[in-house]
Every structure is written in C-alpha cells, then in structure tokens.
C-alpha cells in the first residue's frame, strides 16, 4: 500500500510539472508564449510536448487507481462471483489504457492541435467513454458490496 501511494504521489507530481509547464509558463504553443503572440493565429497550431506527456502520466494514474479499486472489489466479493464482477472492470481498464496510449502517441508524433480533431472519433472519444463506464462499474459494484456487507456488520445501515 505504501508503494502504491508513493507511485501515485510521484506520478501526480510529474503530472503537475507537465501541467505547470503548460499553464504557468504560458507555453501552450511550441513557437512562443500565448501572451506575446496575441492575435497571431499561426501560433495556435502547435502544442508543446508537455501536453501529451501530461495526458500520458494522467492515464497511468487513472489506470493504477482503477486497478486498485478492482482489487478491492475482488477482495470484497463472494468467491462465486469474484471474477464475474472484476473481469469486465479489468478488461475495460486495459482497453482504456490502449486507446489513451494511442492518443498520446499520435499527439507526440504530430504536435499540431489538428491531430486531436483527426483522432477524436477513433481514439479520444472511445477512451473517454470507456473510462466513464469503468468508473460507473466501480461505483455500482462498491455500493452493492457495501450495502450487502452492511447487513452482516455491527453497524446499522
């Protein structure tokens, strides 16, 4: 558990560093600062490397946390339904990681903002839809498990 917390802390610090490069330094574009290039539409074409790097680090954090919750659900489930409940969650986490990795790699290969509009239907939107589905599955599973275990505990519901 300590290792997991340390890994999330380090990855979150790295994500914050990449985000700071984008926001605080004002370098949304690769060819200059957004304030100094005010009104120059050509400066809005390119992004710096820290934008896809921030996305990639965030994907690692989300997948680690979702796998932790899948493990927690696995431990709380009855033996008959452990894999029936956790297998779809783990499978969807892996699929989400694949789509998000594809998005980040395509953004690294072409640092133009047009890349996002080109890949949004076959990489970005599936990744966002799957992560929302995984979060819903985790939430429903934990609510059902905690509700069922409440009848066996010493505390009232």
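Note: Cβ is positioned from N, Cα and C throughout, glycine not excepted.
So that you can see what the record holds, here are the features copied from TrEMBL:
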{"type": "SIGNAL", "residues": "1-19", "note": "signal peptide"}
{"type": "TRANSMEM", "residues": "55-77", "note": "transmembrane segment"}
{"type": "TRANSMEM", "residues": "89-109", "note": "transmembrane segment"}
{"type": "TRANSMEM", "residues": "121-147", "note": "transmembrane segment"}
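Proximity of distant same-chain residues to the transmembrane segment (55-77), defined by a Cβ-Cβ separation under 8 Å and at least 6 residues beyond the stretch ends, is recorded for 4, 7-8, 11-12, 14-15, 18, 85-86, 89-90, 93, 96-97, 100-101, 103-104, 107, 131, 134-135, 138, 141-142, 145, 149. Within the chain carrying the transmembrane segment (121-147), a Cβ under 8 angstroms from the stretch's Cβ atoms is held by residues 62, 66, 69-70, 72-73, 76-77, 85, 88-89, 92-93, 95-96, 99-100, 102-103, 106, 157, all 6 or more beyond its ends.
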